[in-house]
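*Asks:* Summarising the annotation, TrEMBL assigns signal peptide to 1-20. For CYS26-CYS33, the entry in TrEMBL reads disulfide bond. If you look up TrEMBL, you'll see 42-231 marked as domain 'GH16'. Marked as active site, nucleophile by TrEMBL: GLU120. The active site, proton donor feature in TrEMBL is assigned to GLU124. According to TrEMBL, the compositional bias 'Low complexity' annotation covers 270-287. According to TrEMBL, the feature region 'Disordered' maps to 270-298.
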Amino acid sequence: MKIIRCVIRVVLICSSLTLAQTTTSCNPTEKTCPPDTALSSSTYSHDFTTGDDSSNWNVTAGTVSYTSSGAEFTINKAGDAPTIRSKWYIFFGRVSFHIRAAPGTGIVSSAILESDDLDEVDWEWIGGSSGKTQSNYFGKGNTTSYDRAVWIDTADTQSTSHNYTITWTSSAITWYVDNAAIRTLNYADALGGKNYPQTPMNVRIGIWAGGDSSNSEGTIEWAGGETNYDNGPFTMILEKVEVVNENPGGSYVYGDRTGDFGSIKVEAANESSTSASTSTETTKATSVAGESKTTGSATSTLTGMWWTASAEAIKASAQSSDTTVVKEVGLWGLGAVTMLVAWIHAY
């Protein structure tokens, strides 16, 4: 039984860290999905120290405050996970985030690019490690191995703003910190291109408590330990976002179900295809003590950015049946999990 518990713990660690890559509202490699709204211009930039930009961003969870410091994503209590998501997608290009990560044990700040078929390119910061930045990527949600993350020494990520940039082409992805290249992933090095992020992606920025006591032991361990909310509030500050879109247009359409960049069609803004994302989020703006606040409420807890899913919803889903557990663990390896479940029942 001790061995079984250890194996189960490994599965829970893997599943807790892969929920981001195993949720999507519509996966174009599995069925026909609406087109993705494209960033229509070749460049976009917004300085959040001047206020919000609701025409380009949705608040998908929590409340984001806008001050002279920038967009402030704050965790005050359990369940807080403020998140914004761009209303458009890009198809190759460059994205720069000027960010001060949040402090606090178990607090995770993130800035990611993610596609409908679960291609993903990440920046992440752990609140208990102020001198580290994590770069990561996923292709088609494939999490059969956990050797993709690379940690980068970064001077004081919490009190100092740094420029974290991702350049993304059909042949390579490069991560930069303050304009210095620190990692490059070539297309061929990502399982011969099969795991290479290559489909239109939107931009998601947020903060969550990986160290919340309701999370699995594996998640808490990865996040650096259990979060004590009495030590808060914990705030990540986004100062600026700069984007270059190599393929501006009206929308992006998956030409088939391969998820290959060659199958993506760029449609002009005046073509007849419908907009990609009919958003289910609602936003409202209020003014409190001289600062602007934007609040988002999502209609689903298990779609969108992975940390917006409540622990209760995830737990209820996982407890509903063996099938659901396998679905949530998902890409860790369906065959491996199936054998594990059979092995457990045998004992």
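Quick reminder: no glycine exception, Cβ is built from N, Cα and C everywhere.
Show me how these features fit into the structure around them.
*Replies:* Long-range Cβ proximity for CYS26 (disulfide bond), meaning a same-chain Cβ under 8 A and a gap of 6 or more residues, is found for CYS33, PRO34, ASP116.
Each residue in the domain 'GH16' (42-231) has a pLDDT score, and their mean in this model is 97.
Under DSSP, GLU120 (active site, nucleophile) is assigned to a strand (E or B) in the three-state scheme.
On its own chain, GLU124 (active site, proton donor) has VAL108, SER109, SER110, ILE112, THR133, GLN134, ASN136 as residues at least 6 apart in sequence with a Cβ closer than 8 Å to its own Cβ.
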*Asks:* Count the other Cβ atoms sitting within 10 Å of the Cβ of CYS33 (disulfide bond), across every protein chain shown.
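*Replies:* Around the Cβ of CYS33 (disulfide bond), 19 other Cβ atoms lie within 10 Å.
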